[in-house]
Amino acid sequence: MSTTPNIGFISLGCPKNLVDSERILTELRTDGYNIIPSYENADLVIVNTCGFIDSAVQESLEAIGEALEENGKVIVTGCLGAKENQIREVHPKVLEITGPHSYEAVMKHVHKYVPRPERNIYTSLVPAQGVKLTPKHYAYLKISEGCDHRCTFCIIPSMRGDLDSRPIVQVLDEAKRLADSGVKELLIVSQDTSAYALDQSKENQNKTVFWNGVPIKNNLITLCEQLGTLGIWVRLHYVYPYPHVDDLIPLMAQGKILPYLDIPLQHASPKVLKAMKRPGAIDRTLERIKKWREICPELTLRSTFIVGFPGETEEDFQMLLDFLEEAQLDRVGCFKFSPVEGAVATEMADQVSEDVKEERFHRFMQVQQRISAARLQQKVGKTLAVIIDEIDEEGIIGRSMADAPEIDGVVYVDNLSEQEVKVGQVISVSITNADEYDLWGTC
């Protein structure tokens, strides 16, 4: 019988949390622990939680409860871990609780309850890029932690702290390791990607450092330029609409990074945006979108919006629908406002009823589905680069440059056998059909 300790692991939440899970798993593996997908034979279970909205809190609490019931020895980390009292009220038998990105504390607790093995059979087996929970051909790369904004619907800063950017050389080194390991697409994530390095002094931002023998400075534009030298797809997520985002568009037009911008705008009514503490110059946003598309006609714009925010009137909501018609965004996510404990907006007056939220959500989605369908229809007859995600007996599924994994659409590829392509390969596909979300094509 093996004497190697077994650690069960549960990862919940967003891609940023997934990156934290990968970091913890890499350290566990490096220390010689065996990672298993079940509670039954685990010496200890780690639950990496999400606490962004109430439904995520409930999911996390249920996962902790299940781990306690099935195993009994549980360590909790992640965003909900920042609210230790809330967890202990429901689950007092949890061994230890840490907040997000508390890698050293998690490992200290693991060592306390399950001492590291004397003979580490795994060290030589841990890949240079670390343990990854994504398919081998794409990976999330987190460039910073925390956020300096204080949006009234959000509690992320209270859980993850203020902005803390990673050194540019460290980020680029990790990106190169991932590319060298066979990753074909990097998804750049953080709480606020466009704020990268803005937390550092002007002196540090302007200081010249060297990477791969090239002199570089510590800022987002330089980071993207250097990522563009790796010869793989680079996709930006969570880009707050700072003015300097305009400088990214030429890099997309030049093919250095993917022509894809995930930019959460949240609303279009100046009154609602002010209440959210978000940028409110929506006319300026429309002008920027027009300019971006002139510079980079292939640009895909994704955004997210909240309907039913406290104080949102029918007039405010109509402004949002009008904005959708004018902006003609490619991909859109919509969320009904959800009260979150600790968020300023939760205590605001004029809360919108659930019935009205639901009705506005459906009206919003009807408008955007029509827009998305029309924009996808424009791709019929074109030839697109498609990265292959899945190959099975039912067919071949991939994504175009306009599609991020899990949140966007896919491309179904016909008349191609399993023997002709492999997962992670980028192929040219002629688009023959489209609906509101997905494309179909042939090689």
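Every residue gets a Cβ built from N, Cα and C, even glycine.
In the three-state DSSP assignment, the secondary structure recorded for CYS50 ([4Fe-4S] cluster 1 binding site) is coil. Marked as [4Fe-4S] cluster 1 binding site by Swiss-Prot: CYS14, CYS50, CYS79.
All protein chains considered, the CB of CYS154 ([4Fe-4S] cluster 2 binding site) has 22 other CB atoms within 10 Å. Per Swiss-Prot, the feature [4Fe-4S] cluster 2 binding site maps to CYS147, CYS151, CYS154.
In the predicted model, the domain 'MTTase N-terminal' (5-115) has a mean pLDDT of 91. Look at Swiss-Prot and you will find 5-115 tagged as domain 'MTTase N-terminal', backed by sequence analysis.
Among the features that Swiss-Prot reports, domain 'Radical SAM core' is placed at 133-374.
The domain 'TRAM' annotation in Swiss-Prot covers 377-443, and the record cites sequence analysis as its basis.
Helix, strand and coil counts from DSSP across the domain 'MTTase N-terminal' (5-115) read 55 helix, 22 strand, 34 coil. On its own chain, CYS14 ([4Fe-4S] cluster 1 binding site) has CYS50, PHE52 as residues at least 6 apart in sequence with a Cβ closer than 8 Å to its own Cβ. The [4Fe-4S] cluster 1 site is defined by CYS14, CYS50, CYS79, and by the 8 Å test on Cβ atoms against their centroid, the other residues of the chain that qualify are LEU12, GLY13, LYS16, ASN17, THR49, GLY51, PHE52, ALA56, GLY78, LEU80, PRO100.
Between the C-alpha atoms of CYS154 ([4Fe-4S] cluster 2 binding site) and CYS79 ([4Fe-4S] cluster 1 binding site), the distance comes to 12 Å.
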